[in-house]
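Since the structure comes first, as structure tokens, the remarks are kept for the end.
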Amino acid sequence: MRLNPGQQQAVEFVTGPCLVLAGAGSGKTRVITNKIAHLIRGCGYQARHIAAVTFTNKAAREMKERVGQTLGRKEARGLMISTFHTLGLDIIKREYAALGMKANFSLFDDTDQLALLKELTEGLIEDDKVLLQQLISTISNWKNDLKTPSQAAASAIGERDRIFAHCYGLYDAHLKACNVLDFDDLILLPTLLLQRNEEVRKRWQNKIRYLLVDEYQDTNTSQYELVKLLVGSRARFTVVGDDDQSIYSWRGARPQNLVLLSQDFPALKVIKLEQNYRSSGRILKAANILIANNPHVFEKRLFSELGYGAELKVLSANNEEHEAERVTGELIAHHFVNKTQYKDYAILYRGNHQSRVFEKFLMQNRIPYKISGGTSFFSRPEIKDLLAYLRVLTNPDDDSAFLRIVNTPKREIGPATLKKLGEWAMTRNKSMFTASFDMGLSQTLSGRGYEALTRFTHWLAEIQRLAEREPIAAVRDLIHGMDYESWLYETSPSPKAAEMRMKNVNQLFSWMTEMLEGSELDEPMTLTQVVTRFTLRDMMERGESEEELDQVQLMTLHASKGLEFPYVYMVGMEEGFLPHQSSIDEDNIDEERRLAYVGITRAQKELTFTLCKERRQYGELVRPEPSRFLLELPQDDLIWEQERKVVSAEERMQKGQSHLANLKAMMAAKRGK
């Protein structure tokens, strides 16, 4: 498929800073992959001097595959395509000495972070889960805004902020002592390093001579600063973004970063991609008219050559049960009449709690469905167990990982033994693993617990020595040496479950082997690099799934970003739901409108909205108003369902069940042919 004029211009402009305003479905990934090919083939850039950065592993993998298909593996070798956090990790791995760190650092995931902060804040924060989560978010926001603990303390206003800043200082000191980083450090540390160290900054500016950034509207303060530091005064970069799809301000994203670009880089070239290759003209008209109610610095209007398309429907329901019943009935009928696949349908909602009643009706009618936000491969207990072992092998200072593995499988090392070991280690400023080898420890510990601990740590030290010479053999010996398979069969609910879990362990081992050996496209990695890469993938892939089965997709509007479906149901189109009540209270309607815009532009062929006349909220019955966003849409393109005569709940239930029963009978007859 040939590039359209806007895409062609975006690909060929390489002489200065470039902002590509890419509307929904406008083919931005094609632009990025073609631009990389143009830089290498047409402009003389070497692949190793080009970096492309995006926000999810899935997007990075897709980009890598497309570039590989366009250029071939040999030409693309050395090209850096990754997420922001993986790029940050690469900088830290190469510059650990300048950061005052040891090379064998490891990464904390959110479970480790929560456990550590719970321990550190004992006596400072009552056992309050909500307050603890607020502390985690506050520390994350401080790091995203490039604030160190001392700066956070200096700018603290009020008692709560002062306590939080103190906790941040304790947390930061503990991470440094354990040679551990958390997720936000992967951007914070490289950014501060490049700000403060001219030699390192010049080295990376020379290494990355052209930078491409996708989903730029999702960048936060530290990511924007990192981009500026990497491109320097040369300013050879392309950022691709859409201010109308900025929906992550709650996690630090700043859509104003798009506007700041033109101030920081006055020579900025702005190129708009307005042709949409996804949706019908009618769907785009609705999206354009809705989003026009937001203030804009950059005006754009999406258009399509895919035809005007079907009218948009608005279905009214008596309550949430009726809403789910109606959507399920409509979906079954549409599927039967149009001979579609279930994966062609998406049910999108504002909050996760809205999914339950839809699950109930889909399940009752044996409709296969999938809720996005499932368990990442790397979040599975057996994978986290093995990664914890590897974290201790590569970073003996990682107490969090040590405590996870010390009794997995069971080794009769009891809590009293671990408590004494922890106290011994703390007084000597050592990690628990390192302290376990101290000669004097036998005076504090004795008996079976001490013997079991010594056996375990000496065995692990042997594996550690082998890992330095033969990492693949070491991991194989580790899995066999702890007899993990037997442990899985003992602790899993069924032999089948144990078999599946062991299959996951073998899959991880297979991936590790590939990464340690390297490939045509990727250099061989060290065991430390492999472990940190896997830990990072777990943190970034929560909710991502590679499987694409024939299932109706249920997901939040936030989770739907970047996806497309032929038939979309946007449910709960009421004031208080979309826009969300907290946004109404805080007068932050613009972002909620962008969220509705994202939902509308997921639909390719047909779009149906639903709303309820009554809903139960916090045990009370409320009668919500229709969403203002429905009223902002072009009414000529909407079919509002006509009011029907009021029927009792019993009659409606009987009628609905009868309708669904008829549809199921038709489907059963069809299957029986």
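Backbone N, Cα and C define each Cβ position, glycine as well.
The annotation domain 'UvrD-like helicase ATP-binding' is assigned in Swiss-Prot to 1-280. On the 0 to 100 pLDDT scale, the domain 'UvrD-like helicase ATP-binding' (1-280) averages 90 in this prediction.
Summarising the annotation, Swiss-Prot assigns ATP binding site to Ala22, Gly23, Ala24, Gly25, Ser26, Gly27, Lys28, Thr29, Arg278 and lists sequence analysis as the type of evidence. Of all Cβ atoms in the protein chains displayed, 21 besides its own lie within 10 Å of the Cβ of Lys28 (ATP binding site).
Residues annotated as domain 'UvrD-like helicase C-terminal' in Swiss-Prot: 281-562.
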(request) Compile a sequence-ordered list of residues in the same chain as Arg278 (ATP binding site), six or more apart from it, whose Cβ lies below 8 A from its Cβ; state 'none' when nothing qualifies. (result) Ala24, Gly25, Ser304, Leu306, Glu564, Thr601, Gln604
(request) Any same-chain residues 6+ apart from Ser26 (ATP binding site) with CB under 8 Å of its CB? Would you list them in sequence order, or say none? (result) Leu273, Glu274, Gln275, Asn276, Tyr277, Leu302
(request) List nothing but the one residue from Ala22, Ala24 whose Cβ has the fewest other Cβ atoms within 10 Å; the candidates are the binding-site residues. (result) Ala24
(request) State the three-class DSSP label for Lys28 (ATP binding site), counting H, G and I as helix, E and B as strand, and everything else as coil. (result) helix
(request) Using the recorded ATP site (Ala22, Gly23, Ala24, Gly25, Ser26, Gly27, Lys28, Thr29, Arg278) as reference, state which further residues of the same chain have their Cβ within 8 Å of the centre of those residues' Cβ atoms, listed in sequence order. (result) Leu273, Asn276, Tyr277
